[in-house]
Amino acid sequence: MSETNVQGSLAEAPKAAVKRVEQGVKLRGYDKVSRNPVKIIATDAVPRKPDWIRVRLSSSPSVEAIKQKLRKLNLHSVCEEASCPNLSECFSHGTATFMIMGDICTRRCPFCDVAHGRPNALDENEPTHLAQAIAEMNLKYVVITSVDRDDLRDGGAGHFAKCISESRKYSPNLKIEVLVPDFRGRMDVALDILRESPPDVFNHNLETVPRLYKQARPGADYAWSLLLLKRFKEAAPDVPTKSGLMLGIGEEIEEVKQVMRDLRAHNTDMLTLGQYLAPSKDHLPVVRFVHPDEFKELADYGYEIGFKQVASGPLVRSSYHADKQAAGETIS
């Protein structure tokens, strides 16, 4: 399998004027990642996706109905904000992953399509609006995720807890998975809050191997993220823990297997592995497209070392068919 860089490049990019960070203003592309330690030089070359990566794009009435409902209640879905390739499929099945605490992130991760900037104040009505939307859509399993909110004293944990509690009040039989940020510098207070309102699945993505953290997750720490997963499991031993990795940004398969072993050593139960697809030429470049056989090999290895559930395939994403993942069904 070739390791040729097929989109963009990493280097010390020439300096250009950068927009100021102002409250409520979204920064994307170069304006978002320009201050990152590893620079990205944009390219107009568009890599050809292999045959095994096929995404059906559609805009059915059910998709538009969900979008309109989210707009009406001032809610966001990570499906749209992060340009997920599975948006049409999930929306068409009447499911969505909700993104709380706004649509502006305090981090500058170059793989992510969510905007960076100085976020607005939290919407105190969001937990109720979220619960109402879930009830109106008659959902049985939801994923609640968020932007990073390093500006908040609890990292947003209290808002997560309110959303969990309010959603269960409106939908008593609802299953809730949370995909949380790393609560950098605020782990103790965040865990104290979340153990009082635990979800049904606790998910925090490592995203990549530690060697690539500087370029892919500036501001994050590999050991910290592992510790967050371990400590939540200690606080709520009956709640499954979950993490995910994106492949194709320069990692080696043996490095991925080491991360998998690290996750198991920190009592993580579930794992997702998917192909990274760059949202634009200004994002982290795709180094290679990982073959489905390699995803299958990693899934088999995951079960060998004790994961209870592994979803591994080119279009797998952390919240893709999360209900089926939680039920132990095979996802690829």
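The backbone N, Cα and C atoms fix where each Cβ goes, glycine too.
The following features are taken from Swiss-Prot:
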| type | residues | note |
| --- | --- | --- |
| BINDING | Cys79, Cys84, Cys90, Ser319 | [4Fe-4S] cluster 1 binding site |
| BINDING | Cys105, Cys109, Cys112 | [4Fe-4S] cluster 2 binding site |
| DOMAIN | 91-308 | domain 'Radical SAM core' |
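Within 8 A of the CB centroid of the [4Fe-4S] cluster 2 site residues Cys105, Cys109, Cys112, the other residues of that chain are Arg107, Arg108, Pro110, Phe111, Asp113, Val114, His116, Val147, Asp148. Secondary structure from DSSP puts Cys105 ([4Fe-4S] cluster 2 binding site) in a beta strand.
The Cβ of Ser319 ([4Fe-4S] cluster 1 binding site) has 26 other Cβ atoms within 10 Å, all protein chains considered. With a 10 A radius on its CB, Cys112 ([4Fe-4S] cluster 2 binding site) counts 24 other CB atoms from all the protein chains. In the predicted model, residues of the domain 'Radical SAM core' (91-308) average a pLDDT of 94. The secondary structure of Cys112 ([4Fe-4S] cluster 2 binding site), as reduced to three states from DSSP, is coil rather than helix or strand.
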